[in-house]
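Below is one structure, written out as structure tokens; the observations come after it.
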Amino acid sequence: MNKQNNYSDDSIQVLEGLEAVRKRPGMYIGSTDKRGLHHLVYEVVDNSVDEVLNGYGDAITVTINQDGSISIEDNGRGMPTGIHASGKPTAEVIFTVLHAGGKFGQGGYKTSGGLHGVGASVVNALSEWLEVEIHRDGNIYTQNFKNGGIPATGLVKTGKTKKTGTKVTFKPDSEIFKSTTTFNFDILSERLQESAFLLKDLKITLTDLRSGKEREEIYHYEEGIKEFVSYVNEGKEVLHDVTTFAGHSNGIEVDVAFQYNDQYSESILSFVNNVRTKDGGTHEVGFKTAMTRVFNEYARRINELKDKDKNLDGNDIREGLTAIISVRIPEELLQFEGQTKSKLGTSEARSAVDSVVSEKLPYYLEEKGQLSKSLVKKAIKAQQAREAARKAREDARSGKKNKRKDTLLSGKLTPAQSKNTDKNELYLVEGDSAGGSAKLGRDRKFQAILPLRGKVINTEKARLEDIFKNEEINTIIHTIGAGVGTDFKIEDSNYNRIIIMTDADTDGAHIQVLLLTFFFKYMKPLVQAGRVFIALPPLYKLEKGKGKNKKVEYAWTDEELENLQKQLGKGFILQRYKGLGEMNPEQLWETTMNPETRTLIRVQVEDEVRSSKRVTTLMGDKVAPRREWIEKHVEFGMQEDQSILDNKEVQILENEKYIEEETN
């Protein structure tokens, strides 16, 4: 590719020093937990992706090494190796000075992800050690850093090479990442696979060299976002082949791919310069506006909508739609709303996407007449269903107080005394007997109890109007009081935490899954905000002695049980809990409800695409994918009820025996 290489020493601009990064890492990577740890990798990978995005290189390799460090290698141009205007080697400037990156000069990149340039130095500052190896101009150069970014060597020429590119290896600092410095293959694979879908020329290889965890995955999609849509819709009944539109407008490149399926919810994923905009923005608005306008015009042209009929709503048109919107915006036009860069603010992007879709979609609808007519009819059906559900939703919102009173009068909800919605907790408890113990054992100031008596509907396969007919779900909607579906407003929630408390058996697990499916599909902001939890009652109670000498201990896993048995010695009584109802109110409070001693699992969505696919696989209509997934992931043994804590894949995100973060 014959391009002028303007990625030179003087195109790197220096803005400020690095001192603040180690003091306040959260300002730069969001957090110092598992999420922040993996963010370090994305920062380096995004620099390599920017090279590919601008036409240099086509391969990135990410390797988790045996010692727990990680290497990211690309075949781009290689970082500049000369002396910077400040008098230091340019590579050293890139890795030791905040905001020293190609993005900030005009010569380096035409388009790049929003954080490019900050990445390298922040990663260095938060690493125990870092090593960079550069292949450029026929030479290999290396430089080492230690103790959070201090140069251990200068930039040294170490050999000859015929290739170009950059390799960065680093080990995260355990003083910063106190909870974990262990990389998770699956978390990395989700983000890397996404990048490969968005850049069809790019091949990404992810390798794990750690003992007992060895594996490798390669991501390379020649059809790009077309394959991305197929991936998201896997396991669903699709109504047509994936459709793609591409075009330019206002200097912005637009790529759109979409496909309808037989489900009732929409899934729109948008990206700017290969970075996910999870909160949408102007590009999504442009897509939705054009789609709604073109569909309504077409529906009137084929006489499915008469003059007296009102226009179809965008939500109705998008029912069952999966779409990927990818835009590439020149650096000078790039604007985000807020600090997180998760919502695009560039106004030109709206008109760019609108004009590309408005130009191409009418031709597509005309060409696929039969399909288009069925999609219009599908939208009209959705409109009718929405009207039916609207009344129920209005009851849920405008009649909130009356309904809440009705719920109280019907004896279901035992409310908290406090009106402090920032502190109040709602326990959804399986069955009446456990609900009774929970009512007596709770802290009535801030804990409310809602026993679930009947059958919870599988919301993956149901329309909203049917969901409102399910008494258990309806009661939950009214109790939380923040609406449902597209009307859900997290700020209206009556509770800061929703805690699901069920027996530790297969029925309990099934209820958990049904409730989580509902929250994921119809109250997603609650899950995204980390406000849905699963309570973890103990599996065993051990008792020894009598009267004043009586000792009572609880165990949550077989390992804990073994340790307690050794500690207590002989002569103890062991009780295996089969259900919550076997505990008296004091025991339930002490083990499962007391913020000082309880253990909660916070339900978190790391990757919405994969979570959504998993929900479809496990809760959808198709039996074969479900059987295949269960055979691959579930081990059937002789143990009747194994603790969830024994599963190494489940992360206990909040063990409140040790930490309890209260909002005052």
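Positions of Cβ are set from backbone N, Cα and C atoms, glycine also.
The model shown is predicted, which means the values in this text are computed figures rather than measured ones.
Copied from Swiss-Prot, the annotated features are:
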type: BINDING; residues: Tyr7, Asn47, Asp74, Gly114, Leu115, His116, Gly117, Val118, Gly119, Ala120, Lys341; note: ATP binding site
type: REGION; residues: 386-418; note: region 'Disordered'
type: DOMAIN; residues: 424-538; note: domain 'Toprim'
type: BINDING; residues: Glu430, Asp503; note: Mg(2+) 1 binding site
type: SITE; residues: Lys455; note: site 'Interaction with DNA'
type: SITE; residues: Asn458; note: site 'Interaction with DNA'
type: BINDING; residues: Asp503, Asp505; note: Mg(2+) 2 binding site
type: SITE; residues: His510; note: site 'Interaction with DNA'
type: SITE; residues: Arg626; note: site 'Interaction with DNA'
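Within 10 Å of the C-beta of Asp503 (Mg(2+) 1 binding site) we count 20 further C-beta atoms, all protein chains included. Mapped onto three states, the DSSP output places Gly119 (ATP binding site) in helix. Considering only the recorded sites Lys455, His510, the Cβ with the fewest other Cβ atoms within 10 Å is that of Lys455. Checked against Lys341 (ATP binding site), the recorded positions Glu430, Lys455, His510 differ in C-alpha distance, with His510 being the nearest. Distance from the CA of Asp503 (Mg(2+) 1 binding site) to the CA of His510 (site 'Interaction with DNA') is 10 Å. Nearest by CA distance to Asn458 (site 'Interaction with DNA'), out of the binding-site residues Asp74, Gly119, Glu430, Asp503, Asp505, is Glu430. When the binding-site residues Asp74, Asp505 are compared by the number of other CB atoms within 10 angstroms of each CB, Asp505 has the fewest. Other C-beta atoms found within 10 angstroms of the C-beta of Lys341 (ATP binding site) number 20, with every protein chain shown included. When the recorded positions Gly119, Glu430, Asn458 are compared by the number of other C-beta atoms lying within 10 angstroms of their own C-beta, Asn458 comes out lowest. In the predicted structure, the domain 'Toprim' (424-538) carries a mean pLDDT of 84.
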